[in-house]
Amino acid sequence: MTEFIPAGTLYHALPSPFPMKRGGVLHQARVAYETWGTLAADRSNAILIVTGLSPNAHAAANQANPEPGWWEAMLGPGKPIDTARWFVVCVNSLGSCKGSTGPASVNPATGAPYRLSFPDLSIEDVADAAADVVRALGIAQLACLIGNSMGGMTALALLLRHPGIARSHINISGSAQALPFSIAIRSLQREAIRLDPHWNGGHYDDARYPESGMRMARKLGVITYRSALEWDGRFGRVRLDSEQAADDPFGLEFQVESYLEGHARRFVRFFDPNCYLYLSRSMDWFDLAEHVDEQPATDSAIDHAHADALPASAKPQTGVSTADTVLAGLARIRIARALAIGANTDILFPVQQQEQIADGLRAGGADAHFIGLDSPQGHDAFLVDFARFGPAVRDFLQDC
């Protein structure tokens, strides 16, 4: 069991015990985070970034760690998220292996890694932990909450469970619930890991490690993170040179196969398999429609001034999750301004889900807009297609 923590990581100790949504508690748990920029005297210029499944908190280079981060082109002085103006915080998700407490962390009660004794993890737990970091920094209200991919789910849960925590929100390639296709893919990824004999019920080590299972899980993920349009343009049917091809008659032959293999091998030893299982399942469980029947965070679940924006079928229906009940869940969120952005080629979090987020937040009274970008790079476009995503983020933040 290994944790992979970047240099310069900061830590916030969560309240102990820290209750989990689906039962159980954590003791002496922590959240890893990093910061950029300077917090204004009135603490009004703070932005929080919540991430996808695998990133650490090192979104960009800073004084504590000059190494480029995973969102380097988006975050820094003069960049779309301009740290000359904004004080930016990025948190590593609870349940991860990148500094925050997760299955790879030591359980203080036993002195051994949690492994599968870690409590069931939900997106709501990740959101609550992030909110506690904001409070600990003395920030009463964020200028903007930014969430991408899984972080888009986390951001919505955070806004719903902690009313007033942000004035505005940017949801990038996120969703208000997991769709069947996405659940199916992640189920196969988890199965690949669990069927590897070296997984051993979660009891593996560096010598006996579920490398084959992790490699297959990562390949499945990468296929859904990009798009067929990109595969066609980038690889076509080009074959490997004879010296690159595998001796196995059914081994690597095409460039696209080699790309997947290389990508997977770079990942498998830098993310803990049990953490992968927990975070993956938390995404499948997330459904904002489940919050419709909860006690409202404000005086009414749906602001009467905007109730007409929702169809009649959006009234709470216990145990039933439909597009309308998702909209009703979104409409319970109180936010002044919001932007939902997605790539039209995204098959994992289809662009219709970002449009749904904008529609639901608008029904709750937000000045909410949706932008579907014609990027060929699928779900991962927000990590690489800065020419398209950068201007949208910059323009929105200029008015915050």
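Quick reminder: no glycine exception, Cβ is built from N, Cα and C everywhere.
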Annotated stretch (region 'Important for substrate specificity', per Swiss-Prot) among the listed ranges 52-55, 188-191, 292-295: 52-55
CB within-chain contacts under 8 A for S149 (active site, nucleophile), separation at least 6: T51, G52, L53, I172, S173, G174, F349, H379, F382
Integer average pLDDT (0 to 100) for the domain 'AB hydrolase-1' (45-385): 92
Residue among recorded positions D346, D380 with least C-beta crowding, 10 angstrom cut-off: D380
CB within-chain contacts under 8 A for R186 (site 'Important for acyl-CoA specificity'), separation at least 6: A178, S280, R281, M283, D284
